[in-house]
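**Student:** Have a look at the structure that comes next, please.
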Amino acid sequence: MTYGRSNPYPTGPLHEKKFNPVNQYEANNQNHLFREITFTTLGWLHSALLQCTFMWLWASGRLSYYDDFWSRPFFSIFILLFVSFWREFHFYWIHRFIHPWWSVQHGLRQGDIGAFLYRHVHSLHHRSRNPGPWSGLSMHPIEHFLYYSAAYIPLLFTCHPLHFLYIKFHLDITPIGAHDGYDDPAGASSFHYLHHGLFECNYGSPLIEFDRLFEKNYFDEQYQNEQYQNEQQHGENNHDEILEHFQID
């Protein structure tokens, strides 16, 4: 299937660019691939339903909007430029919310809603410990709802449909590059790759460094490059040890 043995990504020239040289979609691990495809498809269906809902709200007059983009030129352009920053703000705080607030051993009795949500919701996404192109939207349906809530801006203020569509398509597409597991010229998202490997770090992205501001664990691309060079020079790969330490049973 997609990304199988004959695909140039795992076997061709880009293989040396893979953060973890193990092909997570080998033929003997097709259940992993099928799980990711299934939940990614559910995510796209959620996205499509969201788009249909807002289009219906606008068409039926239940939600206000303006249809002449250039009737408010400064506002229209500002919102488009603001989307990337809004996405990073929303992603960090929603993502942090569904990770343990204090300890993975906690639960609702200790008031740790994040630990509860991680155990029952977000842990599905972290089953993709060595992420690939199908991993980005491989989430629990509850997490799909939280993730796509970034596109709910028409409920907050009157906007042009293009603003909503831009955010929604941004939500649809960016997880692919953020999880493909390759350095340049592919997705080059070593920052988020480290989150899947180390769990308690890099909840956001380098665009807005919330992790540097609020988290005690922060690993940048220099750390990733040092790990990569160590593996190339000494043939050492500590992925399994790291994942075993951070993985929740």
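Every residue, even glycine, has its Cβ placed from backbone N, Cα and C.
Any TrEMBL annotation is an automated prediction that lacks curation.
The transmembrane segment annotation in TrEMBL covers 37-57, 69-86, 145-166. The domain 'Fatty acid hydroxylase' annotation in TrEMBL covers 81-215.
Give me the lay of the land around each of these features.
**Tutor:** If you look at the transmembrane segment (69-86), the same-chain residues 6 or more away from its ends with a CB under 8 A from one of its CBs are 150, 153, 159-160, 162-163, 166-167, 170, 207-208.
Secondary structure counts, DSSP: the domain 'Fatty acid hydroxylase' (81-215) has 81 helix, 3 strand, 51 coil.
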